[in-house]
Amino acid sequence: MALRFPRFSQGLAQDPTTRRIWFGIATAHDFESHDDITEERLYQNIFASHFGQLAIIFLWTSGNLFHVAWQGNFEAWVQDPLHVRPIAHAIWDPHFGQPAVEAFTRGGALGPVNIAYSGVYQWWYTIGLRTNEDLYTGALFLLFLSAISLIAGWLHLQPKWKPSVSWFKNAESRLNHHLSGLFGVSSLAWTGHLVHVAIPGSRGESVRWNNFLDVLPHPEGLGPLFTGQWNLYAQNPDSSSHLFGTSQGSGTAILTLLGGFHPQTQSLWLTDMAHHHLAIAFLFLIAGHMYRTNFGIGHSIKDLLEAHTPPGGRLGRGHKGLYDTINNSIHFQLGLALASLGVITSLVAQHMYSLPAYAFIAQDFTTQAALYTHHQYIAGFIMTGAFAHGAIFFIRDYNPEQNEDNVLARMLDHKEAIISHLSWASLFLGFHTLGLYVHNDVMLAFGTPEKQILIEPIFAQWIQSAHGKTSYGFDVLLSSTNSPAFNAGRSIWLPGWLNAINENSNSLFLTIGPGDFLVHHAIALGLHTTTLILVKGALDARGSKLMPDKKDFGYSFPCDGPGRGGTCDISAWDAFYLAVFWMLNTIGWVTFYWHWKHITLWQGNVSQFNESSTYLMGWLRDYLWLNSSQLINGYNPFGMNSLSVWAWMFLFGHLVWATGFMFLISWRGYWQELIETLAWAHERTPLANLIRWRDKPVALSIVQARLVGLAHFSVGYIFTYAAFLIASTSGKFG
């Protein structure tokens, strides 16, 4: 018999039902479970797939550059970034009638095009790209890197080039190389690019391959570096009247500490950012020499962890045994990496709008909204993934003997206390926040808005004041003109910071009130509940009160019958599954809050948010309903407009989302009967019954149906909100 899919599992390949296909797809990337897998092959497969991942990323980014160069309007946009709409790529659609062609022909294009809301134009402009030729060059370079990555992935699977397991488990060397090489050297290289190409570009001087050896980035050259007069590099910065991309009002400084924003572009000063990257490079180059390898300098991580025994013995054996536990568990390492990456991605969302790094991006409101929402959603998925792999670690890799009485074992020992505290915090936040919202709703419904319970966020306002925001009148630290910090700030460090924080034209430290207080606690409820479900799922992965022996059942078991009191919904997978709904729910509140507050800020009617956000009906009516009006007007006598595609996507997103419930709220027997009936009808229908299949059709398993339902729910939810966000923002601000 010919080899059938999946080749990696002979047991599955011989399954006579359609289960073979679905289980094959589900376990394709679970290398650990494949036939004949060895530890060595496992590490090598993962290593090779990393190169494949890099190849895909480089190909994708190359495509972005290529399509903008080919079909975009980058050169026109560079001439007038605030009024020309950046084009992502052309739309080729033979079904377009004349009204559609007219609706989507914009940005100075000759035919229908898509507008770019990704911020790439602003990014490329800031780092010194100016012409389509520059974009093509970049696209070709990335294509080359993509090919190199593919070759490297293939090469490291060949017998002669296969790394050994000991190479993969050499944690010190890997950390040193990643810290110094990946972060240190690349940050230094980026500083070099900013100083040699981007900063001259922002001052109207084009530096390319043909002249970069002739153009001095600073009039003093390397002199100040070698004579220790580093302050010369900070003297004569760009003035506040500097026109970005021209020499008008420009200075000669390359590494500054100005603080605040460039008045024209509303983005951070390029010279501040170069300085920042140089500092990061310096720190990481040192950090990359921290761990002991064959050079005999630095620390051994194992020694560090073994020595880390808490004083007084109240926390057991501290970190003993952790080195081998982490170093031998890919899931533990992946969990740590995902947790870090998730937090960083969320921080990127927060900082991209409050401290915009790219020229003119702060005035492109739709792009700001899209980037914030995009990064928050990505962060949510990555963070839930961290806990999923933490749970798999406990099931597959955790060895109680190796970790006796250390911090990991003690987490498991008092997991009831951890889970109950999280549960209490979630209940407290939920009931109090909902209670306030509902009370306020009732007061408005009865026509007595003055009876609302409105709480000023005084602690948060005090923190904002301490950082220099004067409007609350707290007169403390940086907002007090008498404090030494305030006076030092005027001259020594970041003189532009205090101006920026008190200007109302940016998103730094927005003024907050009772509406913010309430939604902040709603978001806190979502975060704590999501965390509760994820933490409980991981800590109970090996066993819980009801089912003390989950280890051999694995990560994703469905129900183990009524024998143990009914074991439905208690696998680690079920916890992950439930947590994703809460994660999406929480990010919904986060993005609604961000978007509504910013829409009112940009439109200059902040009072709408302040007055309507204190009760639920306000959110439903003045944010969701009011802003979706353009998406739900259906067909009208005016024909098509450029928001029509978003209206369609809004509808389609709802459809996909609702389809999720078909899989989430139904029992397996129902599907099996439906399938049997359809198969019966097929076999008895002339012509149709000429088509036969080898596998007996069976319904999805409980876990699979939940996964399919969750996927539709998530994708539909995100599609719906993406269409709403982009249409409601671009419809108002063009």
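Note that the numbers count up from 1, one per residue, in the order the chain is shown.
A Cβ is built for glycine as well, from the same backbone N, Cα and C atoms used for every other residue.
Noted in Swiss-Prot for the protein shown:
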BINDING   C559, C568  [4Fe-4S] cluster binding site
BINDING   H654  chlorophyll a B1 binding site
BINDING   M662, Y670  chlorophyll a B3 binding site
BINDING   W671  phylloquinone binding site
TRANSMEM  46-69  transmembrane segment
TRANSMEM  135-158  transmembrane segment
TRANSMEM  175-199  transmembrane segment
TRANSMEM  273-291  transmembrane segment
TRANSMEM  330-353  transmembrane segment
TRANSMEM  369-395  transmembrane segment
TRANSMEM  417-439  transmembrane segment
TRANSMEM  517-535  transmembrane segment
TRANSMEM  575-596  transmembrane segment
TRANSMEM  643-665  transmembrane segment
TRANSMEM  707-727  transmembrane segment
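Sequence features, as recorded in Swiss-Prot, placed on the structure.
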residue	record	Cβ within 10 Å
C559	[4Fe-4S] cluster binding site	15
C568	[4Fe-4S] cluster binding site	13
H654	chlorophyll a B1 binding site	15
M662	chlorophyll a B3 binding site	13
Y670	chlorophyll a B3 binding site	10
W671	phylloquinone binding site	16
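For the recorded site, W671 (phylloquinone binding site), the DSSP three-state label reads helix. The recorded stretches the transmembrane segment (575-596) and the transmembrane segment (643-665) do not share 3+ CB pairs below 8 A when only pairs 6 or more apart in sequence are counted, and are therefore not in contact. Same-chain neighbours of the transmembrane segment (643-665): 100, 103-104, 628, 630-633, 700, 705-706, 708-724, 726-727, 730-731, counting only residues six or more beyond its ends whose CB sits under 8 Å from a CB of the stretch. The transmembrane segment (417-439) is in contact with the transmembrane segment (517-535), judged by 3+ CB-CB distances under 8 Å for residue pairs 6 or more apart in sequence.
Counting C-beta pairs under 8 angstroms (sequence separation of 6 or more), the transmembrane segment (175-199) fails to reach the transmembrane segment (135-158), with fewer than 3 such pairs. When the binding-site residues C559, C568, H654, W671 are compared by Cα distance to M662 (chlorophyll a B3 binding site), the shortest distance belongs to W671. In the three-state DSSP scheme, the residue listed as 'chlorophyll a B1 binding site' falls into the helix class.
For the transmembrane segment (135-158), same-chain residues at least 6 beyond its ends with a Cβ under 8 Å from one of its own Cβ atoms are 44, 47-52, 54-56, 58-59, 61-63, 65-66, 68-69, 74, 124, 129. Tertiary neighbourhood of the transmembrane segment (46-69): same-chain residues 31, 87-89, 116, 118, 120-121, 132-133, 135-136, 138-140, 142-143, 145-147, 149-150, 152-154, 156-157, 163, 168, 330, selected by CB-CB distance under 8 Å and a gap of 6+ residues from either end.
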